[in-house]
Amino acid sequence: MPADQRPLAIALMGPTASGKTALALEAAERWNGEIVSVDSALVYRGLEIGAAKPDAAMRAAVPHHLLDLRDPWQVYSAAEFAGDARQAIAQIVARGKLPILAGGTGLYFRALLEGLSHLPEADRAARASIAAEAEQIGWAGLHSELARVDPVAAARIHATDPQRIQRALEVYRISGRPISYWQALPPGLRLPVRVLKVVLAPRERAVLHGRIERRLDAMLAQGFLAEVEQVRALPQMRAVAVPLDLPAVRAVGYRQAWEYLDGAGSLAEFRDKAIQATRQLAKRQLTWLRGELDARWFDPERDRHQLERALVGFLGDRSAVRQASGV
């Protein structure tokens, strides 16, 4: 199908706390859209406050997809996401509505928009072994090991990104080939829609840091720690030998809350650790987004008129986009 005849979709990308949720809701109301979540934390039931999951009122106003797909003791892969998202997008297009992809999980976006390389499946035993090594030598030490066996991947993966270090070493150990080899293979089927990629990101780092801090404080006031206590109390979670290895618990904020509730440090120390971890996540997200050469960048507060023109130019005119909040 020629590119100019494919159905339209927009991808609202950006670091955490940059305003994607608010803009997605506005765009859905204005252009008769439905929102497809591209967030690896929002797929888990019970992760509400700490994941900034759209509330009941938002979900009643605009249809949302790919929320609450798994329980927190389960695993959900990028390949599963790509298949589920492709199906949701096809259904949205069939209804004559606009698919709005909104989130900040780079692996999910790449899997959907570019296709996945043929990576080996996850291996629980290999992951457990790598996690045990991290307890002994630290993730920086494992990053050094990765640099020896796969310098290409090590150059892309930061030493403070344990999840990607673990996955890269896991792939190497179970397949005998570096993850960069698998990632260089031709990707799978690409998405048959024409997508405008929009990146929301404050130009000043201090602005984003302030939004992150204010959002965490709001989450704490809303009962974030009580939410984590509820997840911890689930019988299936109590049966997990190492819950910190679960993707749901590794989500930023949840991991630090889990460790705090295990007795690690004071409440103030937990808050500082959660803010720092969220800043590191935002930094990694911005690094990934800079590689999206066909994306249009906008400051969520300063570039409202430019953003308006970009969306209208791609989708057609409707009433003006309102000022986005910091969700």
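Positions of Cβ are set from backbone N, Cα and C atoms, glycine also.
Taken from Swiss-Prot as is:
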BINDING   Gly14, Pro15, Thr16, Ala17, Ser18, Gly19, Lys20, Thr21  ATP binding site
BINDING   Thr16, Ala17, Ser18, Gly19, Lys20, Thr21  substrate binding site
REGION    39-42  region 'Interaction with substrate tRNA'
SITE      Thr105  site 'Interaction with substrate tRNA'
SITE      Arg127  site 'Interaction with substrate tRNA'
REGION    163-167  region 'Interaction with substrate tRNA'
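Features recorded in Swiss-Prot, as mapped to the structure shown.
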residue	record	DSSP (3 states)
Gly14	ATP binding site	coil
Gly19	ATP binding site	coil
Thr105	site 'Interaction with substrate tRNA'	coil
Arg127	site 'Interaction with substrate tRNA'	helix
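Geometry remark: Thr16 (ATP binding site) versus Arg127 (site 'Interaction with substrate tRNA'), CA distance 27 Å.
Model confidence over the region 'Interaction with substrate tRNA' (39-42) stands at 98, taken as the mean pLDDT rounded to a whole number.
Here the Cα atom of Pro15 (ATP binding site) is found 27 Å from that of Arg127 (site 'Interaction with substrate tRNA'). When each of the recorded positions Lys20, Arg127 is scored by how many other Cβ atoms sit within 10 Å of its Cβ, Arg127 comes out lowest. Of all the binding-site residues listed (Gly14, Pro15, Gly19), Gly19 has the fewest other CB atoms within 10 A of its CB. Between Lys20 (ATP binding site) and Thr105 (site 'Interaction with substrate tRNA'), the C-alpha separation comes to 12 Å. Sorting the region 'Interaction with substrate tRNA' (39-42) by DSSP state (H, G, I as helix; E, B as strand; all else coil) yields 0 helix, 0 strand, 4 coil. In this structure the alpha carbons, written CA, of Gly19 (ATP binding site) and Thr105 (site 'Interaction with substrate tRNA') are 15 Å apart.
Geometry remark: Ser18 (ATP binding site) versus Arg127 (site 'Interaction with substrate tRNA'), CA distance 32 Å. For the binding-site residues Thr16, Ser18, Thr21, the largest tally of other C-beta atoms within 10 A is found at Ser18.
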